[in-house]
Amino acid sequence: MLTTLDDTIKDNIQHALEEAKKSHQSVIVSRIKEVDAIDPLHFFSSGEESWLGERFFWSTPTDDYTMVGLGNELVLENHLDNSERFREIEKEWKRLNKRVVSDHHKIIGTGPLLFGGFSFDPLKEKSSIWDAFSEAKFVLPTIMLTATNNKSYITINKLITPYDKLETCIQHFEQFVGENQNYHLDCEKGNEFASIELKTTEWVEAVQKATADIHKNEMDKVVLAREVHLEFTEKIDPYQLVGRLQKEQPTSFIFGFENGMQYFIGATPERLVKKKENQVLSTCLAGSIKRGTTTYEDNVLGQQLLQDDKNLNEHNIVVKMIKEVFKDCCYDVEVPNDPALLKIKNIQHLYTPVKGFAKEDQTLLSLVEKLHPTPALGGFPQVKAIEKIRELEPMHRGWYAAPIGWLDYEDNGEFVVAIRSGLIEGNKAALFAGCGIVAESDPKSEYFETRIKLKPMLSALGGVENE
Ligand SMILES: C=C(O[C@@H]1C=C(C(=O)O)C=C[C@H]1O)C(=O)O
Ligand SMILES: [Mg+2]
């Protein structure tokens, strides 16, 4: 993919090696090069042979970034509780020295960066399907494609340890020079499946119990989720799934994280926090209604949602919390007074963007830590709601509803909330969906709401549930 390996990179490798030996610490060397356009999906698929189980995919609705990583050059992972797990990742990432060689002006989203995520609640007892997922796991890809602003870039990363040999390090970069792009494309094939909804009765009872507790003033809101398991006749191909999600959910963030033989994949409309230099952006997304079958019906439903007290209550609890975090951590905070509608393929939501500029001592991961879980996924008050989820929810969330995303070495990056998602393994898929329970919640309509939220994954997997 690189045409030549110039002397600058060799000098940098040499210096990094000396630095690593002197400091007894590893140093990351990154080579960034602009390349002719490469289809990100083909790039993802091309990694199947050499890097199966070590790939990630990320694309944003505004198309400003698509990133595909192949190979785990470095893994930062921990099993720590709450705030410690965010801080440990940040500490380890900061400790590594980074040397970047680039043939162009530095572009955000290229160069050494981490991609990964966190579990929803480290204190919830583990269940088998999420066993291989830690409380925090981030990878530095060996090779990464970044497509942004109609340009494509390839980053090659190498972790240089004090024990490495110069020749081996140079070879690491040389192996990608002039490599042929040998992409294979499967045509879409049908894949039949059987589905089971797990513990539906328990879930409905949990909703009833939660509304009763809200009436007793134990809390204002709690989000309860449920799980559906699917079994297909053939193996599920993550490449096809990502491709379909991209096609069917162009207004969502598409994420895919391979963890050995499991893939955590989804199409979420919900940004948790984006940081570009000191500009910070978050999204309050809560309150939902279905899409109409005609423009007229769709508008009527949208207007109904904008005026519905139950949904406005669900939404305003989220706005209040995110606004408070922003007021603490940012200056020049801007929040519109009223929500707007966010219409995505299968559902419409109440939506309020929140903007600000991070104070000096705030980092992207410190903001993730303070925001997670917002009342859109947890509830309010936060601690009480999380305890209720542990007690009432008949499933283990794993990485569902938790932050997933990327951060670079200059603290730019973006995290979303991993909803409208599923955990795939072989021919099996576990899909998750939840909803905000408030005093006025009706279990039947909340159940219906979770069915709509399962649709993006169901449809991308090849079938939409009957209503
Ligand atoms: C919990 C989910 O979605 C959240 C709950 C919403 C609601 O109850 O109205 C809306 C958007 C999300 O913040 C999910 O999709 O699983
Ligand atoms: Mg709702």
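Just so you know, glycine gets a Cβ as well, placed from its N, Cα and C.
Remember, it's a predicted structure, so these values are computed and weren't measured experimentally.
What TrEMBL says about this protein:
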- 201-453: domain 'Chorismate-utilising enzyme C-terminal' (DOMAIN)
- K221: active site, proton acceptor (ACT_SITE)
- E270: active site, proton donor (ACT_SITE)
- E314, E449: Mg(2+) binding site (BINDING)
I'd like the Cβ neighbour count for E449 (Mg(2+) binding site), meaning other Cβ atoms within 10 Å of its Cβ, all protein chains included.
18
Just the number: how many Å between the Cα atoms of E270 (active site, proton donor) and E314 (Mg(2+) binding site)?
15
Give me the count of other Cβ atoms within 10 A of the Cβ belonging to K221 (active site, proton acceptor).
25
Looking only at C-alpha atoms, tell me how far E449 (Mg(2+) binding site) is from the residue listed as 'active site, proton acceptor', rounded to the nearest Å.
16
What is the separation, in Å, between the Cα atoms of E314 (Mg(2+) binding site) and K221 (active site, proton acceptor)?
7
Could you say whether, by DSSP, E449 (Mg(2+) binding site) belongs to a helix, a strand or a coil region?
helix
